[in-house]
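Participant: Residues or ranges marked as compositional bias 'Low complexity' by TrEMBL: 45-80. According to TrEMBL, the feature region 'Disordered' maps to 45-85. Annotation comment: TrEMBL describes 103-125, 166-185, 197-220, 241-260, 272-294, 352-371, 392-417, 452-476, 496-516, 528-547, 554-575, 623-645 (among others) as transmembrane segment.
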Amino acid sequence: MSTTADPVALGVKSPVEEALVVKTTTTVANAIAKTVAVISSTVSSSSTTGATSTPTPTFSSSTTSTSTPTPTPIQSSSPTLENAGEEKLSVKDLSQALQHFGIVDYMVFIAMLAVCAVIGFYFGFIEKKQKKQKLADKDGGGAAGVEERRGSEALDYLVGGRQMKVFPVALSLVASFVSGISLLGTSTEIYVYGTQYAFILVTLAISGAISWYIFLPVFCNLQLTSTYEYFERRFSRRMRLFGASLFVLKAIIWLPIAVYVPALTFNQVSGIGIHTITPIVVIICTFYTCVGGIKGVVYTDVVQSVIMYGSLIVIMIKGTLDLGGVGAVLQINQEGGRLNAPEWTMDPTVRLSVFSVFVGGTFFKLQSTSINQATVQRFMSLPSLKAIKQTLITFSIGLTLLYMGCVYVGLVCYATYYDCDPMSTGLAGRRDQLVPLLVMRVLGVVPGLPGLFVSAVFSAALSSLSTLLNSLAAVILEDFVRPRMGKAMKESHVALTMRVVVVIFGISSIFMVYVVEKLGMVLQLSATLQSSLYGPMLGIFAVGMLMPWVGEKCIFVGSIASFLTMAWIAVNAQIANITGSFRHTKLPVSVENCDYDFDKSRYLNSTSEYEPHSGSSVYHMSFLLYAMMGALLTIIISNLATFVFGRQDIKDVDENLLSPILQRYLRKKNYYETVELKKANDLKVNESSD
């Protein structure tokens, strides 16, 4: 890395330096010298060194070098260090020294958690009590009041009484959509593979337009709490159970990934074990989700999204200044090959090609913004279609800005470590620890800023975790429990069911973290698993809303075949990734200017990751194509099945279950002129059933 400034030059007077003046014994002097060297090496200042000032490339090893290298930051930081000995810090010593999470940082972190807990407590107890008091005052506790309150428990807990505001819901969507996985994973993606992934931001606008014109109007008209109720209305009960089961499976897989990311970050900056902090994350999240419902989740998301934006801005500004400005950051990344575009090829095994990014990426984002239960549930908490449109636009803009911030942080990360890759030396145990390592280097000298960053990562994770837990409560209640219990289900049963679901799935994610640890990069892992499950789901909704001639048996065969195929591909892809039988080629890194001791053999053994690889198996395809392939398999197979089971009469499908675009076409062709259609109001779910 670039030569770093002495803390004294920055006005930082450490206790170690004061002790250096007092202590005179050789042993103590050596220990102090090592500590000062660590602090010196973690403080970067463009005003004294410049972004491109680097020492002579050397490898540190146990043998004595015959050449005389240019003094490294550790050797030249002070005369005392030179006299203290030539031994350099080890990776272990440097890693421990970077874990200086101070009292102020803990206070910032605890304050964030406390605010989330207070918001959940308010909506779970105070606001709920106030509402009950208003209802009691309105009707005096008579029969009318009882009837008005019937169904209000689920309605308030799951969709906020359908009276939520645009801006809070938009920020909630941003916070829950990004998650700690994207906050760290996107930056890591840029560091490892370059800016190819950043082009997927274009697909946000495309997928948003498709959502608005095809999918969201149907959900808004039907006012569904669970999106899988649509399957029963359009196809059958078993299709509803199939869709709901896939969602639950996806949640079981994804929840521990969302928990693992902040725990990994906390471990990097504080040294506290992953399995120590994980229960704390889950318990706090489970509490405010359990008691606060969707209102508690949305308004904690607002606070958490502000923390995420603030943290990214601080890292971008401080990191850029330390490196010498935006020009220096871009120049280093240009020379390192990180400013790259998707490859112009149709080869599906190319990780990020033009085809996989723009076409596959559109399907990938579409399944997240259009038919995802958590997303649709927030849209359904709004009072009108106009509010949904405003929220969708605000959400798209906010999400784009946040992703752009993550991309730039990835560029700053590479510019900081371009000549001493922490992964190759072992300073970062996993690539997903690169950004936390950058934060401790760049922000570690300012008390409270590491705490702000950790709060941001936890905020992203908690928002996604709470959103999914709340959606699980909706799906299990509406799709599994309520249909079986029917009218016998009282309000107390509804309340208990939803909260028990939140607690059970929240606690189970703690134990699943052990599995996630053994898998690959979290961004690719998350995208792979999510797409392999939601790709077939996207296909089912597309067939239901755009292909009225496809009947229940046809779509059931198509969805089962698609799901099994995608599951087989996803499992084999992860096996190939873990065993190393196939890896996408990473961009080259360097360790030529590392100023600490590391195992040279570790770096030499890792060079195979940067050699060209090729594979022709179907599970070698880009992870961005999973959603597209799953959806297309469902559509194609279900249409082929019509030759076996026959085509469904279009007139037998209720008009309100079809996309507005198709409705206009069918009306133009007079498909429905002899059919007495149900009115839209007849299809809306009564609030009493919610």
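Using the three backbone atoms N, Cα and C, a Cβ is placed for every residue, glycine included.
All TrEMBL annotations are machine predictions without curation.
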Participant: With pairs fewer than 6 apart in sequence excluded, do the transmembrane segment (392-417) and the transmembrane segment (241-260) have three or more C-beta pairs that lie under 8 Å?
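Facilitator: Contact between the transmembrane segment (241-260) and the transmembrane segment (392-417): absent.
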Participant: Counting Cβ pairs under 8 Å that are 6 or more apart in sequence, does the total for the transmembrane segment (452-476) and the transmembrane segment (528-547) reach three or more?
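Facilitator: They are not in contact.
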Participant: What stretch, picked from 166-185, 272-294, 528-547, has the most CB pairs under 8 A with the transmembrane segment (392-417)?
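Facilitator: Answer is 166-185, with the largest number of Cβ pairs below 8 Å.
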Participant: Select the range from 166-185, 197-220, 272-294, 352-371, 528-547 that forms the most Cβ-Cβ pairs under 8 Å with the transmembrane segment (103-125).
Facilitator: 272-294
Participant: Any contact between the transmembrane segment (352-371) and the transmembrane segment (528-547), i.e. 3 or more CB pairs below 8 Å with pairs at least 6 residues apart?
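Facilitator: Taking Cβ pairs at least 6 residues apart, the transmembrane segment (528-547) and the transmembrane segment (352-371) are in contact, with 3 or more under 8 Å.
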Participant: Does the transmembrane segment (528-547) reach the transmembrane segment (197-220) with at least 3 CB pairs under 8 A, where each pair is 6 or more residues apart?
Facilitator: yes
Participant: By a Cβ-Cβ criterion of under 8 Å, what residues six or more beyond either terminus of the transmembrane segment (197-220) are in contact with it?
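Facilitator: The answer is 186, 189-190, 227, 230, 341-342, 352, 357-358, 361-362, 364-366, 368-371, 376, 379-380, 385, 388-389, 392-393, 396, 399-400, 403-404, 407, 541, 545-546, 624, 656-661.
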Participant: Are there residues at least six beyond either end of the transmembrane segment (496-516) with Cβ under 8 Å to its Cβ atoms? List them, or say none.
Facilitator: 153-154, 157-158, 251-253, 255-260, 263, 274-275, 278-279, 282-283, 285-286, 289-291, 465, 469-470, 472-474, 476-477, 481, 522, 525
